Amino acid sequence: MGQNETAHAPTDDVSGETEEFDPIGTLTLIAIYFVILVLSWVYIYYIEFLGRDLVVVG
Amino acid sequence: MFLLGSVTYGAVGPGVAMVSDTEPTVDAGALDEDERFSEPRVEQVGEDEYAAYVVARQFGFQPDPIVVPANSTVTFYVTSADVIHGFEVAGTNANTMVVPGEVSEITVETDEPAEYGLICNEYCGAGHHVMEGKVNVVSQAEFESSGGDGE
Amino acid sequence: MSEAIEAEQTFADKFPEEARIVRAALLGSFLALTLGAIFGIIQTLHRTGVFRGLIDSTDYYTSLTAHGVFLALSFTTFFLVGLFTWAVVRSLDRPLLNTKITWTWYGLMAAGMTMTGVSILAGFVDSIDMSADVLFTFYAPLQAHPMFYAGLAVFIVGSWIAGADYFRTWLAWKRENPDERIPLQTFMVLTTMAMWYIASSAVAASVLIFLLPWSLGLIDQVNPTLTRTLFWFFGHPVVYFWLMPAYLLWYTVLPKLAGGRLFSDPLARVVFVLFLLLSTPVGIHHQYLDPGIAEGFKFISMTNTMFLLLPSLLTAFTVVASVEYGARQRGGSGLLGWLTDLPWRDPAFTGMMLAGLMFAAGGFSGMVNAGMNINYMIHNTIWVPGHFHLTVGTAVALTFMAATYWLWPQITNKPIYSRTIGLVQVVVWFIGMALMSNAMHAQGILGVPRRTAEPEYSGFDYPTMFGGFEELNIQIAIGGTLLFVSTVLFIGNLVLTMGNPKVSGLGDPIPSALSGPDDSPKVLDNLRLWVGIALTLVVLAYALPLAAIIQRGGLLGPGVGTYPVWLAPLLDALANAAATLLGGIADASASLAEVVG
């Protein structure tokens, strides 16, 4: 069943080669992305959008 | 998710209203019999309040230019005589779709006198790229001396 | 079940007939890519004013229609059906039920797309009274030649049969393996196709009930808001239809290329279920600035859209974590130091990673698009194509091209001609898109409209922000040129690969997930339940808006004409418009004279 992910990997297949995997690097990257997202949003919404002429009021 | 939710709904806070279904439908083929759109114009409807009736058609806007007074509240009523168009006062937030049979209503507050470009931002046929107009925000005095009908 | 023997077998060894179908689908997709890229370079140079000698500005829209239809519909969908055929057969480890059916849907899809393509391309030839310059959104009352709509209908029916083919093959497998969980790749294919049935039903209804009869003259007019709403009912989920095969590759192939395995099978299933549920009841967010649709409906659509960010964030986490796991298996260490331990020389890996990075950037502009009132700023500006060239134009397209470097040997037994050229190709695409898309976003904020042959106007100048309009035009032109070069490298490399001799030993099996399917609740595999909920959500989101639209404007529209771009000679239309405008100006000056006098 080498080509089939229904193949049930024996449990020791994983634990044998590594300890508990902790994706700390991934969480760091995502945290950095979030900071960029929030800063960009503040800029684009509050400075670019609300700072323009002819704001629609109704 | 909480972050994104608060960012987005926080943005609703400033009270920017959306184009909506406030206006009844019109017959796009008979705009010349329509009270508001047979003569596209700007008219005063209250103290510092103005209504601009605008018709978009292949490939231009009427009236052109749309002249409105500074420091006032202007409501644009925009409809199309033929296909779907866009109504975008370039570089500003005044932007809406223009759908035949429907009237787009957006209200904006004008500031100092300025001249803006008005462009169609939805593809409307082979001459789409030449479809442009002007929105001129002029001083109250200038607006009144021009007759106040926006033309 | 000997793993050693199976590991050496490629897909082409095990399933030669299916491999032929996958190849045919991929080749169809790459033909569309080639055509789309040619129109892409023409447009880039035309719109930025660098070179306008090749087509007239009035023909720009023919080119734009072709670019959109060939890339957004044809390239993506043909790759998808090829990939899905591979994924179903590979993960079920059994052949398709009946390849005659498979060739039937392939033939239908190819015939449909040919009809639509011909009706578009005829627009370039004045002597043929046929055109379809309606862009890939075909908003009525602009009207295309009937063959345009008929071709689309045939194409969609073909894709429905493809979906049925996958479902039937899965059911046959289920009878043979009653107690097994649905293999992950098949699960992804089935949820995606279920979403496709729901989504495409609306566009099929729009085409068959309204647009096709109208283009044939059987009905006089249509309700433009209704057909537009039905289009976006389909038009938003279709972006996930493009994205799901890319996700399938990110989840099941990318971790393997990184030297590891998928982090979590259950999370992947949750993500695909969420897409099935939430992709469709959001389409009205493309219509925030439409008159005739109540603000409340727009708000509901925005809420659903924001929920839709969840599965993409889960994907970012799961995929990056799987890659990190791979890097740590390869000896990577440190908080971020593992990033240097990844196989960056592998074009398949690097291409997919760069595609994912671009998708993260597209996530931001997508957030802005999804915000309801900020839409005033960017709606129908070139910001929007700037956004979707990051998502479908890179996250999807670059992933497809990168995956081809890995997949093609599996389905042909031929090694890639040059992996170095492949690496250069994916990097050039990334740089080109970074330039082009960034400049498009910036121009969008200046107010530069999308979909126009000549975005410069006589009456005003754009303000200056991050560089002026002209500088940004140059960036777009350079970026677009790089993208074209990248496509040429890709196609060239592939053609040279076809000349390679077949070899053995290219087999490259996919390892199972770190956290396997048995860790996920069984209810995830209950497709009936999810389809039921998805349908309920669609009804909740769309029943009232559609009823309101029909009540306002009538089924066939509130007095709207027909603007057949294929019958009315262009010059007449222009002349009429000019006369109308001149008339308007004459009236205006007359009334002005009256006032002044």
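Quick reminder: no glycine exception, Cβ is built from N, Cα and C everywhere.
Unlike curated entries, TrEMBL annotations are predicted automatically.
Here TrEMBL flags C:26-501 as domain 'Cytochrome oxidase subunit I profile'.
Taken from TrEMBL, the feature transmembrane segment covers C:21-45 (among others). Residues 11, 51-52, 54-55, 60, 63-64, 66-67, 70-71, 74-79, 81-83, 85-86, 96, 99, 102-103, 106, 109-110, 113, 117, 397, 400, 404, 407-408, 411-412, 436, 476-477, 479-481, 483-484, 487-488, 490-491, 494 of the same chain sit 6 or more residues outside the transmembrane segment (C:21-45) yet have a Cβ under 8 Å from a Cβ within it.
Under the heading transmembrane segment, TrEMBL lists C:65-89 (among others).
Away from its own ends, the transmembrane segment (C:101-125) comes close to residues 18, 21, 24-25, 28, 32, 35, 55, 59, 62, 65-66, 69-70, 73-74, 77-78, 81, 85, 131-133, 144-145, 147-148, 150-159, 161-162, 164-165, 566 of its chain (Cβ-Cβ under 8 Å, at least six residues beyond either end). According to TrEMBL, the feature transmembrane segment maps to C:101-125 (among others).
Summarising the annotation, TrEMBL assigns transmembrane segment to C:145-167 (among others).
Long-range Cβ contacts of the transmembrane segment (C:187-211) within its own chain (Cβ-Cβ under 8 Å, at least 6 residues beyond either end) map to 84, 87-88, 138, 140, 143, 149, 152-153, 156-157, 159-160, 162-163, 166-167, 170, 219, 222-223, 226-227, 230-231, 233-238, 240-241, 244-245, 247-248, 251-252, 268-269, 272-273, 275-276, 279-280, 525, 527, 530-531, 534-535, 538, 556. Annotated transmembrane segment per TrEMBL: C:187-211 (among others), in sequence order.
Same-chain residues lying 6+ beyond the ends of the transmembrane segment (C:231-254) with a Cβ under 8 Å from its Cβ atoms: 72, 76-77, 79-80, 83-84, 87, 137-139, 184-185, 188-189, 191-192, 195-196, 198-200, 202-203, 206, 262, 268, 271-272, 275, 279-280, 282-287, 315, 318-319, 322-323, 348-349, 352-353, 355-356, 388, 391-392, 395-396, 399-400, 403, 406-407, 510, 542. What TrEMBL lists as transmembrane segment is C:231-254 (among others).
Per TrEMBL, the feature transmembrane segment maps to C:266-286 (among others).
Sequence annotations record features per position, and here TrEMBL assigns transmembrane segment to C:306-327 (among others). For the transmembrane segment (C:306-327), the list of distant contacts is 247, 250-251, 254-264, 267-268, 270-272, 274-275, 278-279, 282, 338-339, 341-342, 353, 356, 360, 363, 367, 370, 514: same-chain residues at least six beyond its ends, Cβ to Cβ under 8 Å.
Sequence annotations record features per position, and here TrEMBL assigns transmembrane segment to C:348-368 (among others). Sequence-distant neighbours of the transmembrane segment (C:348-368) (same chain, 6+ residues past either end, Cβ-Cβ under 8 Å): 246, 249-250, 253-254, 257-258, 309, 312, 316, 319-320, 323, 342, 374, 378, 383, 386-388, 390-391, 394-396, 398-399, 401-403, 405-406, 422-423, 425-427, 429-430, 433-434, 437, 441.
When Cβ-Cβ distances below 8 Å are used as the criterion, the transmembrane segment (C:420-440) is approached by residues 44, 345-348, 350-351, 354, 357-358, 361, 382-383, 385-387, 389-390, 393-394, 397-398, 401-402, 405, 467, 472-473, 475-476, 478-483, 485-486, 489-490, 492-493 of the same chain, each at least six residues removed from its ends. The transmembrane segment annotation in TrEMBL covers C:420-440 (among others).
The transmembrane segment feature in TrEMBL is assigned to C:474-496 (among others).
Annotation source TrEMBL lists transmembrane segment at C:529-550 (among others).
If one looks beyond the transmembrane segment (C:529-550) by at least 6 residues along the same chain, the residues whose Cβ comes under 8 Å of a Cβ in the stretch are 191, 194-195, 198, 223, 225-226, 229, 233, 273, 276-278, 280-284, 292-294, 297, 300-301, 304, 523.
For the domain 'Cytochrome oxidase subunit I profile' (C:26-501), the model's pLDDT averages out at 95.
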